[in-house]
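A.B. asks: Please find one structure pasted underneath; my questions will follow.
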Amino acid sequence: MLYCARVSMPVCTVSMSQDFGWNKKEAGIVLSSFFWGYCLTQVVGGHLGDRIGGEKVIVLSASAWGFITAATPLLAHLSSAHLVFMTFSRILTGLLQGVYFPALTSLLSQKVRESERAFTYSAVGAGSQFGTLVTGAMGSLLLDWYGWPSVFYFSGGLTLLWVCYVYRYLLSEKDLILALGVLAQGLPVSRHTKVPWRQLFRKPSVWAAISSQLSSACSFFILLSWLPTFFKETFPSSKGWVFNVVPWLVAIPASLFSGFLSDHLINQGYRTIAVRKFMQVMGLGLSSVFALCLGHTSSFCKSVVFASASIGLQTFNHSGISVNIQDLAPSCAGFLFGETTGVVGVCLGGYLIETTGSWTSMFNLVAAVSSLGLCTFLLFGEAQRVDLSPTHEDL
């Protein structure tokens, strides 16, 4: 549901740009504004997940961003300042969605054993690709049949139905009321746990994890935001349901396979950090090669293949750096994950496309950012737990 709502704007960007007269820089502002809000609540989401439970944070936030997504077309027509209202809408959506992955990381680090984390995270992460697939397929059809507002009504409405289901069948009303009370009063739900923050941030492995996650997030969000526009403008006669669906159709089994492979290798006796680094070589290294290939082909079929390979391989990050943060500091994994959001990439990508007039520059950016994060993790990445106090008490 998160990604159903998140990719609604990228799918509709071309149509909305035509309706409102946006150029690439203005479209880049709207697309990147989501991440302006997204980065502000990452740390908050992780902290709340560590204190009140990640599942409660996820449901409470989803009820709000689902409503805003469904109301986006109404906001767009409130006045003639379409760019301002759409930017505000995306910032607000980003603020509310920013808590999700840190809260999820907190939830899984507390509930799932190390030998099962990679597959569990990859299975949950496959929902990202499935949500993108759903909006890519249904959104493309709705876009052709009823116009861009229908895409937002669809994804927002679907989210609100999911919230109603979870509220009624999976979470107790008492737990949610307690969580709301914590949010309103700022009181801890459980005994305060002392985390050795100074010791934590002195570790090169922590900074390597933050850097690598930052790179993977930045690269992924650039492709997520700009690929629909790339295909629509480079191959105007192509069908949206093809390029908005095929890469994510590939990504779902790739994500599940990466999680299975990672846990299998660890259970076979391979060192955890060796497996995590191998996953990053695939998720950041090899995926960036296919991203570079996208900028040097004029064939629609090859472009779809390259995009599918790049997106599919990026899912290996779920079994690499995403779970490495849980390896390092399970007691505060949500907080650390919240430090690692790539924000600038989407806006910078739009600026490069507008100023150079070439999509190649954007794909070069993806490769450069990915390579930087990969090299840092290969040099300094570790998997030993570092959130223990000097007396080695398990926090």
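First residue shown is number 1, and so on along the chain.
Using N, Cα and C of the backbone, Cβ positions are placed for all residues, glycine too.
TrEMBL entries are annotated by machine, without manual review.
Here TrEMBL flags 1-385 as domain 'Major facilitator superfamily (MFS) profile'. Residues or ranges marked as transmembrane segment in TrEMBL: 57-76, 88-107, 119-139, 151-170, 206-226, 246-266, 278-297, 359-380.
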A.B. asks: Tell me, what is the mean pLDDT of the domain 'Major facilitator superfamily (MFS) profile' (1-385)?
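C.D. replies: Mean per-residue confidence for the domain 'Major facilitator superfamily (MFS) profile' (1-385): 83 out of 100.
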A.B. asks: Residue list, the transmembrane segment (57-76) vs rest of chain: Cβ under 8 Å, 6 or more residues beyond ends.
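C.D. replies: Hits for the transmembrane segment (57-76): 1-2, 5, 8, 16, 20, 45, 48-49, 82, 85-86, 88-89, 92-93, 96-97, 99-100, 103-104, 107, 148-149, 152-153, 155-157, 159-160, 162-163, 166-167, 171, 176, 179-180, 183.
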A.B. asks: Six or more residues beyond either end and a Cβ under 8 Å away: which residues meet both conditions relative to the transmembrane segment (119-139)?
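C.D. replies: For the transmembrane segment (119-139), the list is 1-8, 11-12, 104, 108, 112, 151, 154-155, 224, 240-241, 244-245, 248-249, 251-252, 255-256, 258-260, 262-263, 311, 315, 318-319, 322-323, 326.
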